[in-house]
Amino acid sequence: MDVDKLTLKVQQAINDCQTIAVRYNHQQIDTIHLFMAIISQEDGLIPNILGKMGADVETVKRDTEAELDRMPKVLGEGAQNASIYATRRFEEVFVRGEKISRDFKDLYISVEHVMLALMDIDSGAIKSILDKNNISKKEFLKALREVRGNQRVDTSDPEGTYDALNKYGRDLVKDAKKHKLDPVIGRDEEIRRVIRILSRRTKNNPVLIGEPGVGKTAIVEGLAERIVRGDVPEGLKNKIIFSLDMGSLVAGAKYRGEFEERLKAVLKEVERSEGKIILFIDEIHTIVGAGKTEGAMDAGNIIKPMLARGELHCIGATTFDEYRKYIEKDKALERRFQKVQIDEPTVDDAISILRGLKERFEIHHGVRIHDNAIVAAAKLSDRYITGRFLPDKAIDLIDEAGAMVRMEIDSMPTELDMLKRKIFQMEIEKEALSKESDKFSRERLESIQKELSDLKDKDKAMTAKYDKEKAQIQGIKELKTKLDEIRGQIEKAEREYDLNKAAELKYGEVPKLEHEIEEKENLIKQNGQNAMLKEEVTEEQVSNIVSKWTGIPVSKLVEGERNKLMRLSDELEKRVVGQTEAVKSVADAVIRARAGLKDMSKPIGSFIFLGPTGVGKTELAKTLARVMFDSEDNIIRIDMSEYMEKYSVSRLIGSPPGYVGYEEGGQLTEAVRRKPYSVILFDEIEKAHSDVFNIFLQIFDDGRLTDNKGNTIDFKNSIIIMTSNIGSEHLLNNKGVSNVDEETKDKVMNELKGRFKPEFLNRLDDIIMFKPLSINEIGKIIDIFLENIKSKLKEKNIKIDIAEEAKKIIAEEGYDPVYGARPLKRYIENTIETHIAKMFISGEISEGDILKIEGSDSKLTIVKK
């Protein structure tokens, strides 16, 4: 027996024979061991053929195992050291197999030759197993021809090339017949263009090019559905569309040339079909370079000749970037394909697509999807989710909203969960009290037993209600699944012209199921507001998902948020004292945006805050972030003093290709991409280079900016605040007046125009001038600073009282109109905080003490009460 003439699978089977013999304690390898080895091979040819014959491979295995168990076993110490020998019959199988191989005109002995040899030689155990499972040689040869076709075994691994299309692809037309594909709505123009190209004599290979998620694969599925319905020209009727899986084609190809063998086998099957099979390669750019090793051809070069001759009907799908990067580089491959550009559908088209898919999602999740949820998904995803494309992002929204509602149905309602926890807690308390004998414990035990009895009754009633509602929802899901299956059967019956069956299902089963579904839905509606479970996906759920994805609040305003927005000005003024005009402008911009009345193409607001140092410009931005987001973390702060050089603009949007930091992205663009709903503070803008401001023009006008990788960053949900000290000397001369007078405003504006270009200033929503703080306002700021000290000391359980005289001294000693409120803060830190800290460290004061801050002769004194 020449081992080189055996295929890899036969060599593997011989090795497996020895393992099987050792496992069953047999001293010799016989034909039954070989039979067991070849029917146990994973993805093997013999199990595949037996399956095609209708035999149960697992039953055959069990019968073979029983036969192996009956064979004589050799046990003991001597048996372990003894060698395992092959019987004469075992050798005869390969001699016979070689003859069968020659009859088949094959170059190697393959597993099918071995199987046929086993059928001829073993008339005992193997014959009885085959007879028992109705496996005859004649039927085996018939199934073998189906799988093998006219192929010869001319390689050591022929099994990888048998039935190649079914192994490495998926029949989309078959899936469409089985009602497995999602319905394709619209896209008629694109499908017609694909049909037109497929109908050509040569170069009949369309390639669908479009952004990810616009529905390229769906168009091919739509074509498969049209072929099933017969809604195609005569030349495409009864064609098969096979979706080729490049991953499984490459996977497991260990040896050189194995990948090419598999691909050639696929192409041979397509060629033999004489145009009946259309190959669909999703992500077609993967064929360029696939299987490429030193001196070998890649998949792209293997299919080129067939594409040019028109022997291979192929549909490709890829994105613009990948097409440019891989296909366009290879001009010979590019000219063999005809481009079909797939554009993103409009919002209205996306709504139609979602309406078509609605029923599938309802069946999958077992929920009811309202039409307003579908409209909201299309509109909100288009407006707020950037960087992705319709209809994919809208479908994802509906899918996740459905999953969220389903999860709530499957989880125990909060009310019932809390009740069960309370019962559990009281049961533990009851057990503990039952061991006590005092009067109080007995009284408490009686009270608990009574309360526990009531709670258990309530739990019983609520659990029954929950189970009933859940069963109703599950019942609807099952009925809808059944209805969908029946509709698939109707389509099949109509295709096969079985009109009696179609009519029976259409006018008998369908109305009956629809009536049952309606009855169950009415039962759920009767629960109304008292229902424990909600099985509806509404606009609210979709809005919540958008908010979770983007961080932008798009859900309907709840009462708490309404009050918060209406009190926004007051909340801001608690921290930013004396700047009413600035606070009002910012608050109004936020309210307009939240009500949905802002300009959709611009940021929520873009402001320049002008004024002397220490009057609250930066503080207003921080306070706005704190009030709106409950944290200052959502403020994106960029200190413009770091952008004094012309080239430093690249730090905002990212370095150009080839420069250090290209992969890291820009400080501004990356921050906004992660948190699109935020306050962006550009501090001290007059310090930056004038060219840096050119990138702001697009942000202010269109609410967008393109980063170094070509990604569009959306600023439409940001508040942009810039602070500057330009013209502060003019504003300082305005002190004591409640508002900035017109003359001062003109002087400041003239200075501002001298520093910034008109196109920059013209795009701003508002230029707000902060006036210097008056003595009255200083008093309020002192209160804010002192309140901070009180809150710090409260943690240490120390209280402080501050006399009015002390506040006057702080104002006189700490306030400087030129420097604003910052010197006040420093004065309070140096005099009050430092003094209290020293008293605490030295042990003069301890927890529970009350301190009194008094003032006299321009000095502060701190005494313990």
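Placed from the backbone N, Cα and C atoms, the Cβ positions cover glycine too.
So that you can see what the record holds, here are the features copied from Swiss-Prot:
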BINDING   Gly210, Glu211, Pro212, Gly213, Val214, Gly215, Lys216, Thr217  ATP 1 binding site
BINDING   Gly611, Pro612, Thr613, Gly614, Val615, Gly616, Lys617, Thr618  ATP 2 binding site
COILED    395-529  coiled coil
DOMAIN    3-150  domain 'Clp R'
REGION    6-71  region 'Repeat 1'
REGION    86-150  region 'Repeat 2'
REGION    163-344  region 'NBD1'
REGION    345-551  region 'Linker'
REGION    561-772  region 'NBD2'
REGION    773-865  region 'C-terminal'
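Features per Swiss-Prot, on structure.
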residue	record	Cβ neighbours (10 Å)
Glu211	ATP 1 binding site	16
Pro212	ATP 1 binding site	13
Gly213	ATP 1 binding site	17
Val214	ATP 1 binding site	22
Lys216	ATP 1 binding site	24
Thr217	ATP 1 binding site	15
Gly611	ATP 2 binding site	27
Pro612	ATP 2 binding site	23
Gly616	ATP 2 binding site	26
Thr618	ATP 2 binding site	18
Are there any residues at least 6 positions away along the chain from Gly614 (ATP 2 binding site) with a Cβ closer than 8 Å to its Cβ? List them or say none. Tyr819, Gly820, Ala821, Arg822, Pro823
Other same-chain residues whose Cβ falls within 8 Å of the Cβ centroid of Gly210, Glu211, Pro212, Gly213, Val214, Gly215, Lys216, Thr217, the recorded ATP 1 site, in sequence order: Ala218, Ala317, Thr319, Ile342, Glu344, Phe389, Asp392
Stretch-averaged pLDDT - the coiled coil (395-529): 75
Residue among binding-site residues Pro612, Thr613, Gly616, Lys617, Thr618 with Cα closest to the Cα of Pro212 (ATP 1 binding site): Thr618
Could you round the CA separation between Val214 (ATP 1 binding site) and Thr618 (ATP 2 binding site) to a whole angstrom and send it over? 44
I need the nearest neighbour of Glu211 (ATP 1 binding site) among the binding-site residues Thr613, Val615, Gly616, using C-alpha distances. Gly616
Rounded to a whole angstrom, what is the C-alpha distance between Thr613 (ATP 2 binding site) and Gly213 (ATP 1 binding site)? 51
Where Gly210 (ATP 1 binding site) and Thr618 (ATP 2 binding site) are concerned, what is their Cα separation in Å, rounded? 45
If you run through the region 'Repeat 1' (6-71) with DSSP, how many residues end up as helix, strand and coil? 47 helix, 3 strand, 16 coil
With helix taken as DSSP H, G or I, strand as E or B and everything else coil, how many residues of the region 'C-terminal' (773-865) land in each class? 52 helix, 19 strand, 22 coil
Using the alpha carbons only, what distance in Å do you get between Pro612 (ATP 2 binding site) and Thr217 (ATP 1 binding site) once rounded? 60
Below 8 Å Cβ to Cβ and six or more residues apart, same chain only. Which residues does that give for Gly215 (ATP 1 binding site)? Val184, Arg187, Ile342, Pro345, Ile353, Pro391, Asp392
For Val615 (ATP 2 binding site), which DSSP three-state class applies? coil
Looking at the binding-site residues Gly213, Lys216, Thr217, whose Cα is closest in space to that of Thr618 (ATP 2 binding site)? Gly213
Hey, for the ATP 2 site built from Gly611, Pro612, Thr613, Gly614, Val615, Gly616, Lys617, Thr618, who else sits with CB inside 8 A of the CB center? Phe609, Glu619, Thr723, Asn725, Phe770, Gly820, Ala821
